[in-house]
């Protein structure tokens, strides 16, 4: 049995396949999943697992150089704003775009991890960095 990192085999596989600038979305349970993009659905119930728990476990095992959020979060989700600030303080470039543009950009993701989160605009597009 695996001792560290992701136990979810699909998340582990996608993270291992990411190259520089490839993107991965971590989404709330309401974000539409575009046709042709792999959906790794880890939702169990409303808010289980929540967005932040999944994001934290991904970032523990993944080098992100950029994070894209829906700008509407600044008006509707203080916890996401705090998350943006934390990521920026950790050296991850943070970008905000309109939610409609966010949904269009999600079409380019290698995968979307769908959480049980059910608060507004709890979504992020993570762009892969390099570890060297």
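The backbone N, Cα and C atoms fix where each Cβ goes, glycine too.
A sphere of 10 angstroms centred on the C-beta of residue 20 (active site, proton donor) encloses 11 other C-beta atoms. Under DSSP, residue 20 (active site, proton donor) is assigned to coil, being neither helix nor strand in the three-state scheme. According to TrEMBL, the feature active site, proton donor maps to 20.
Marked as substrate binding site by TrEMBL: 28, 99, 121, 122, 123. In the three-state DSSP scheme, residue 28 (substrate binding site) falls into the coil class.
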Work out how many Å separate residue 122 (substrate binding site) and residue 20 (active site, proton donor) at their Cα atoms, rounded off.
24
Once the chains shown are all counted, how many other Cβ atoms turn up within 10 Å of the Cβ of residue 121 (substrate binding site)?
22
Spatial separation of residue 20 (active site, proton donor) from residue 28 (substrate binding site) - C-alpha basis, Å:
25
With a 10 Å radius around each C-beta, find which of these binding-site residues (28, 123) has the fewest other C-beta atoms nearby.
28
Rounded to the nearest Å, what's the C-alpha distance separating residue 20 (active site, proton donor) and residue 123 (substrate binding site)? Just drop the number here, would you?
21
